[in-house]
Amino acid sequence: MVDHWFRREKSGQRNFAAQTARLPTSTACFLVSAGFKLDSHATMSSKLQLTQKTNGTSQPGGDVQPKKKTFAESDFEFGKNRLGQGRFGSVFPAREKKNNFPVAIKVMFKNMLTNDQTLLQLKREIELQYYLLHKNILTLYGFFDDHDHVYIVLELCQLGSLFKVIKKYVKLTLHRATYVIDCMADALNYCHARHVIHRDIKPENVLLTEKFVPKLADFGWAVHAVSSSRQTLCGTPDYLSPEMLNTDNNHSHTYKIDNWAIGVLYYECLTGQTPFYSKDQTMTFRNIQRANIKPHADVPEAAMNVIKGLLTIDVQKRSELKDVRDNKFVREQVEKYNSNMSARVAAK
């Protein structure tokens, strides 16, 4: 089981260091049945021992020796209002009582996790998200279970999903939208370098902290793909890439499907709608396969050029995310966003 250790600095900031601990038999058996590579009394991985969160890297824990602890539901005070709800459970705001540490806890019903696909998604979410340490990837602090539930302890994102923000404000300003895309491109570059493809990029899976820092979430459809291609059809219809819709190659795809999805996300952030949307899903898929991008007054030429580079049918010619981040227009917009945020902080 992955558990928490907290300490408070004199400044009042709470720092977190993750550690591994022995799994209770019930949790171990449940996860082994779900396909986890765990012995019933083994730790998850010796590589996870005494690691600290940093900006995209993992470092030894230094001179701090975390104290092992096994958590239970009683260690947390749950908020009344759900942050979100899915087929298998709900996400609640919560507070770790001893250290008054705010978290979000995904509570899933074990009796809903009965088929191979749902167990595989749970396995992926816990294994991959715990290993991925990046400032723009939602932190998975740990997990525990009881007789009826599995609890996943996550970083709390007070502003909720990007989807809710777009729905409320219709669209984002140019510099704010570009900042979000830059952060997501950075997070996905990190994933791709570790052979992880997310495969379900969409506004619902981008969460926002109190300071509007975007966090990539929900790795249930993600895959660790050392080989160059995959053949599973997954994702949200409006965000599917042309190769995902190609039955001739059995939906074969690579990490470039995430790049395509970032192009769709950028367009939706700027306009409040996806570029290929049609009331008729068949027409939506046809638009995707033709890369028929709707022009829009809220998308300036420089932004459209970035989007078109990502929404390129030829996978080999599709923009790399590093090139998107290095784009002069993107850098200018991100710098503008950061300057505006700095000015706001200084004005307080």
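Cβ atoms here come from the backbone N, Cα and C positions, even for glycine.
All annotation found in TrEMBL is predicted automatically rather than curated by experts.
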Of K97, K98, K106, K110, residue recorded by TrEMBL at the ATP site of R87, E204, N205, D218: K106
Distance [Cα-Cα, Å, rounded] between K202 (SUMO2 cross-link) and K106 (ATP binding site): 19
Any further residue of that chain within 8 Å (Cβ to the Cβ centroid of R87, K106, E204, N205, D218) of the recorded ATP site: G84, G86, A217, G220
For the recorded positions R87, K106, K202, the one whose C-beta sees the most other C-beta atoms within 10 angstroms: K106
Average model confidence [pLDDT] within the domain 'Protein kinase' (77-330): 90
